[in-house]
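Notes follow the structure.
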Amino acid sequence: MDEFSLIDRFWKPLGDAVTHSEVIEGIGNDGAVVRCPPGQDQVMTMDTLVEGVHFPRDMPPHALGWRALAVNLSDLAAMGAQPLCFTLSVTLPEASTSWLAAFADGMKALAVRENIQLVGGDTTRGPLSITVQAQGLLPAGSAVRRGNAQPGDRICVSGSLGEAGEALNWLDESDTPDPAVDTALQRYRYPEPRLALGQWLREAGSAAVDVSDGLLADLGHLLVDRGARLDWQALPVSDGLVSLRGLEGARRLAASAGDDYELLFVWPGGGPAPSGPKGSALPLTVIGTVTEGAGVTLNGPEGSIQLEEQGYTHFGGHHD
Ligand SMILES: Nc1ncnc2c1ncn2[C@@H]1O[C@H](COP(=O)(O)OP(=O)(O)OP(=O)(O)O)[C@@H](O)[C@H]1O
Ligand SMILES: Cc1ncc(C[n+]2csc(CCOP(=O)(O)O)c2C)c(N)n1
Ligand SMILES: [Mg+2]
């Protein structure tokens, strides 16, 4: 199958699964044409997933299709945007129809649920790698940015952290199925972009990032030139993760493993965690407070905790 039959068979039906009136030209031209409605700002983001770097070899293709879109939707969520459309670049070692069908199905399930239209892309042969470039809309001037935190503001996180990192450790070490890690594997393979929360945060005028590299690393990205005091015992971890790793192990993963795609945000002023969007069951937890100077301290019951692992970086700490 050449790339044109592949586009007709897999990408065009995916593009037809959602339609937006702002999309003037979708798949089929040299470029897509999208009209930004008056009074709206357009948010653009891009994330690449490379085999062996972002996902293990033999990742189930259905999950990979979902995940490639989900990590981009998570960036739209962190900005407070409503999803509109995306482009998709797929580099494949070979054109396996069963692999492609499962990949397209996984991506379609999330695209339809979150109402985001595939408007174009690129299909090439080479080492397996997926890039999605997503666009979203929000009322002009209302984007949720990084920075913007004041001393005394609360630092909050959605959901629970560490399970995706645990799933990766497990995939590294074992290939026999184990029901105890099913929930963790599901979280790694099918991240849930927190779109409703991100859009709700626009109103609060706070700052947000999604947790892709790890809590401590992404907190640095969120605060820019402020610091933070974090409460080790407040880090939200699931019961399932605690039973796999113990409370300390679970908190270590929560502090430094990435891949969870929760939202980490600043809530202005003191007080308890906000309740979140109306009707939402997603828990929000206060994990610390913004401080004046730079640097993050992690306070445990017996004083401050030093963690070697801070989060994921490409190219490590090596400099020429
Ligand atoms: N090759 C590049 N060219 C231009 N800008 C880039 C490039 N790579 C990254 N950036 C920009 O640098 C900033 C930080 O990028 P980063 O990838 O860390 O953000 P992110 O997408 O939120 O994180 P993650 O990829 O872990 O989800 C973003 O504004 C991003 O658009
Ligand atoms: C096989 C495998 N090994 C390690 C990891 C961990 N990992 C890789 S990239 C990244 C940060 C987000 O990437 P980016 O900043 O490029 O968006 C994290 C936490 C993984 N997901 N899969
Ligand atoms: Mg991000």
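Cβ atoms here come from the backbone N, Cα and C positions, even for glycine.
Among the candidates Asp2, Asp122, Asp259, Asp260, the residue that TrEMBL names alongside His54, Tyr312 for the substrate site is Asp259. In TrEMBL, the Mg(2+) 3 site is described by Asp30, Asp210, and among Asp75, Asp172, Asp175 the residue recorded at this site is Asp75. Set side by side, the binding-site residues Asp122, Asp259 differ in how many other CB atoms lie within 10 angstroms of their CB, and the most is found at Asp259. Closeness to ligand 2 is met by Asp47, Ser212, Asp213, these being the binding-site residues among Asp47, Asp75, Asp122, Ser212, Asp213 whose Cβ falls under 6 Å from the molecule. With a CB cut-off of under 6 A applied against ligand 1, the binding-site residues Asp47, Gly121, Asp213 are reduced to Asp47, Asp213. Residues from the binding-site residues list (Asp30, Asp47, Gly121, Asp122, Arg146, Asp259) with a C-beta closer than 6 Å to any atom of ligand 3: none. Per DSSP, the secondary structure of the domain 'PurM-like N-terminal' (28-136) breaks down as 37 helix, 44 strand, 28 coil.
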